[in-house]
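Below is one structure; the comments refer to it alone.
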């Protein structure tokens, strides 16, 4: 494997759909504007991808400095159900912390170059969006705020990868900001939050042992935890229905309702987990892609990845369906 491939893999490229598909959707929603630019759209997407990968590695850096991966291994050995696959490239000796810092710097440098190109052609608005995104990204795990350790990380990521990302990509694509992108961006942001929130529910016991305060732990209590999961799984669909009802969104956007069974299944699965009930892990085609699952079983994290991948697929399909709707409407116009 090349060095580039090595670092893309370790930057958790598996999570890229949560940033790229909302970005593509923002581009699809920009096609009707005369000022639309394919070149700037693709530059913005490249910047988003590089920033996402860089921030993932930066999160690993902060966690490594805190020793969170090692703590999880000890917890798992002591009988606590914890996801232990954290920065294995460092613990195995495949890379050093210095190598990690170089990789982070290169990814973020490429993101900065892409952002500079967009700012040159679109003005200062993308600059402000980029600055806000950078501050929020660093604040997820970095001092002094470390919002991810105080119960606000999930909401912060939802804000970044939902409305903030989609507003930024649309402005790069056409130099326009409209109300539709804000509404859809909020819906997408809730589904992105759902990925991290489901993660925090599954890792609640281990996080408690590590004194890491996630949103699931901040809420406290079964009913509050499950109510929040219901908000993240179902409110996005209600927002689309509301947008169509008031004429803000085309009726074809209701196609996303075909995804409701996945949202319902995921919520019920999390409910069983919270209640401590066993669940046989049976992969179904309508869950969407769950590649490398045998490896997850072997690593003992199938119980985690099963639900995490379902949450990822939900946002991926949601954005993809709306993207296809916009393309079809553009062709039919």
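Cβ from N, Cα, C; glycine included.
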*Could you check which of 5-26, 71-92, 181-202 is flagged in TrEMBL as transmembrane segment?*
181-202
*For the transmembrane segment (125-142) and the transmembrane segment (314-332), does the number of C-beta pairs under 8 Å, pairs 6 or more apart in sequence, reach 3 or more?*
no
*Relative to the transmembrane segment (100-119), which of 38-58, 181-202, 223-244, 250-267, 314-332 accounts for the most Cβ pairs at distances under 8 Å?*
38-58
_Chain residues in Cβ proximity to the transmembrane segment (314-332) (below 8 Å; excluding those fewer than six residues from its ends, i.e. six or more beyond)_ = 17-18, 21-22, 24-25, 28-29, 31-32, 184, 187-188, 191-192, 194-195, 233, 236, 250, 252-253, 255-256, 258-259, 262-263, 266, 288
